[in-house]
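**Q** The following block contains the structure, expressed as structure tokens.
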Amino acid sequence: MGKWLPILSRVVTKTVFGDDPDRHWNVVQNNGERAAQVVPHVHFHIIPRPAQGANQRTSFAMFGRGQREELDDDEAEILARELRIELAEEVKRILRDEGVDLAADLVSEGSQRGKL
């Protein structure tokens with residue numbers, strides 16, 4: 001997780017903000033019923049924070065009630081595809097620039113090595 005959270009943060013913010021170097025985001029993790037967690041598990045929210053009034057995807061402008069309602073199924077499908085593409089590019093960049101092969105981490109039962 002310590003390795004992947006910064007990588008996924010870069011992927012999410014680049015997908016949402018493009019090449020804009022002025023990227024801001026929050027990472028949130030909720031635990032327990034009083035924190036709105038119904039099923040006990042661990043996951044993180046990476047929440048892009050566009051500038052106030054910025055012409056960004058409004059579904060990422062806030063966290064909480066209403067967010068899921070703003071992202072329709074078609075937009076979600078496009079966003080998921082863009083995130084997969086950006087993740088593949090980031091994994092390749094890290095291998096090229098840092099010599100770290102992250103594809104080995106992505107192998108799961110029934111999947112091909114390096115397939116995102």
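Every residue gets a Cβ built from N, Cα and C, even glycine.
TrEMBL does not curate its annotations; it predicts them automatically.
Grabbed the feature section from TrEMBL, which reads as follows:
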{"type": "DOMAIN", "residues": "1-56", "note": "domain 'HIT'"}
{"type": "MOTIF", "residues": "41-45", "note": "motif 'Histidine triad motif'"}
{"type": "ACT_SITE", "residues": "His43", "note": "active site, tele-AMP-histidine intermediate"}
**Q** Enumerate same-chain residues with a sequence separation of six or more from the residue listed as 'active site, tele-AMP-histidine intermediate' and a Cβ-Cβ distance below 8 A; give 'none' if the list is empty.
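**A** Residues satisfying the criterion: Gln29.
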**Q** Just to be sure I understand, if DSSP states are collapsed into helix, strand and coil, how many residues of the motif 'Histidine triad motif' (41-45) fall in each?
**A** 0 helix, 1 strand, 4 coil
**Q** Calculate the per-residue pLDDT averaged over the domain 'HIT' (1-56) and state the result as an integer.
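**A** Averaged over the domain 'HIT' (1-56), per-residue pLDDT gives 86.
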